[in-house]
Amino acid sequence: MSTLTSFVTLLQRVVVDIKIAELKLKEQQQNRMMVFDYVRNLGNQEHPQVLLITVFVAVLCLCLIIGHLLEEYRWVNESITAILTGCVSGTVILFLSKGKSSHILTFNDELFFIYLLPPIIFNAGFQVKKKQFFQNFLTIMFFGVFGVFISAVVITAGSWWLLPKLGFVGLTAREYLAIGTIFSSTDTVCTLQVLHQDETPLLYSLVFGEGVVNDATSVVLFNAIQKLDVSRVNGRTMLHVIGDFFYLFLTSTALGVTAGLVAAYVLKTLYFGRHSSVREISLMILIAYLSYMLAELLQLSGILTVFFCGILMSHYAWYDVTNSSRITTRHVFATMSFIAETFIFLYVGMDALDIEKWKMTKLCFGTLMAIYSTLILLILLGRAAFVFPLSALSNYLNRKAERTEVITFKHQIIIWWAGLMRGAVSIALAFKQFTYSGVTWDPISATMITNTIIVVLFSTLVFGFITKPLISYLIPHHESIIIRHGELVVPKDDLNVPLLSFEESTATNIGRAKDSLSLLIERPITTIHSYWRKFDDSYMRPIFGGPVTSQLQC
């Protein structure tokens, strides 16, 4: 009987929370409408939502213009420009609405995951330098997968221990786990804009590759935590979570590879370009988006799927379209990604001035500052906990490999620093965990949203401004050129151990197999890459497209 009463009480609380959330949503919509009363009266608009979108697009255009004017200052990247523009716009809107709201539009995690994130991740896969990415694949997986787990453990344990001591209580076990995942997601855009890919190819490849894999891993781990039964956490439960993670990782990757191959085969077989280049470009965009939506429909990771779909499309399908379409696709995909990223950071700047969330926190200024400082400290520690040990492990494993340039201590500091910035994925995961349709209805959730926004603002602005002078100090321009020109080249003879041949004797084939096995042990990535290149030239490219040459950069 007591259990039934408790269940009824819990159900009533859920209903009340939903009603409160709906009232809050209506109230915020009313507040946003007050911002434009004067303009609407001037124009006699019958569709106020159109006006809101118009104003937001105008602010977005202003942000692009400001970013262009600041282009010569490479330390002022687009993320910083968008955030500062959002803060200024939010201040103006707050003034016009007489302190009611700083928003033009309401952020929705579905808007982010369905419309804004796919073009960002797909472009990352499409533009990736595949040769550098796969040569450093093992190290990138260390940082992007195992690093997220280590960082999440450090941040979760630290938050669980320190936040209650600061007077911030009420978070559940699942929410602490979610916090660890939210603040383990990185944003390496600022560092990549400062690094020169031609001068420091290894460093650029590691930072770029880890950034993409990190985002995918964070989202997959976050979704796995949502399915976790926190009331029965034990060794078997954690193994189940890890098993689910790798299942999602592998199946999502397989779906992305399949989608990319299907697109390449269709484009090569039907040759759309003989009639219209518009159709082949449209088909590439739609198949990429279809792969993402299929992954979400199957409860897989859309990020991983669309990322590997982008890699496969750039490797095969890009060669199956006309020359004009090749140029167009690169610019179109980059433009879509750029607008989506700017949109997100612009909203973050506006949301930092959301008075409703600040009022709802009910914590004093000193306590809030202590919470922000604690989270940033945990991010620093969580990052350091895996970058330096895993770098040492990577150097050890690659001591006989094709990567003659080791990850020096200066490189490790830059990699550590590059992952301190938090960005769009952290914001989206926080909204997904602590809001209902973009609206908070309790002080704890409001506090966590403001915590995330402040951490993103502080890390992007402060760490972002320091990035360029830090890299210039650690790796001077002349030193990076020396490193680039001082690279050693692995003898090609070692990479060209032939595949087994039916025309040779058994003894000869066994000898070649032994040589291949020794190469695989000494230089696993090089050997696998060499055999993949032969298989790709012999079987894959004739079917799916691309120039058949072993010297092609892949």
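Heads up, the Cβ atoms here are built off N, Cα and C, so glycines get one too.
Unlike curated entries, TrEMBL annotations are predicted automatically.
Ranges compared are 202-225, 274-297, and TrEMBL records transmembrane segment for 202-225.
Between the transmembrane segment (82-99) and the transmembrane segment (111-128), the number of CB pairs under 8 angstroms, six or more residues apart, is fewer than three, so the stretches are not in contact. Remote same-chain partners of the transmembrane segment (202-225), defined as residues 6 or more beyond its termini with a Cβ less than 8 Å from a stretch Cβ, comprise 121, 124-125, 128-129, 132-133, 135-137, 139-141, 143-145, 147-149, 152, 174, 177-178, 181-182, 184-189, 191-192, 195-196, 241, 244-245, 248-249, 252, 299, 301, 303-304, 307, 403, 405, 407, 411, 414-415, 418-419, 425, 429, 432-433, 475. Listed stretches 50-70, 245-266, 331-350 were compared with the transmembrane segment (413-431); the greatest number of C-beta pairs under 8 angstroms is found for 331-350. When Cβ distances are compared across the two stretches, the transmembrane segment (443-466) makes no contact with the transmembrane segment (245-266), since fewer than 3 pairs at least 6 residues apart fall below 8 angstroms. The stretch in 50-70, 111-128, 301-319, 370-393 that contributes the largest number of Cβ pairs under 8 Å to the transmembrane segment (331-350) is 111-128.
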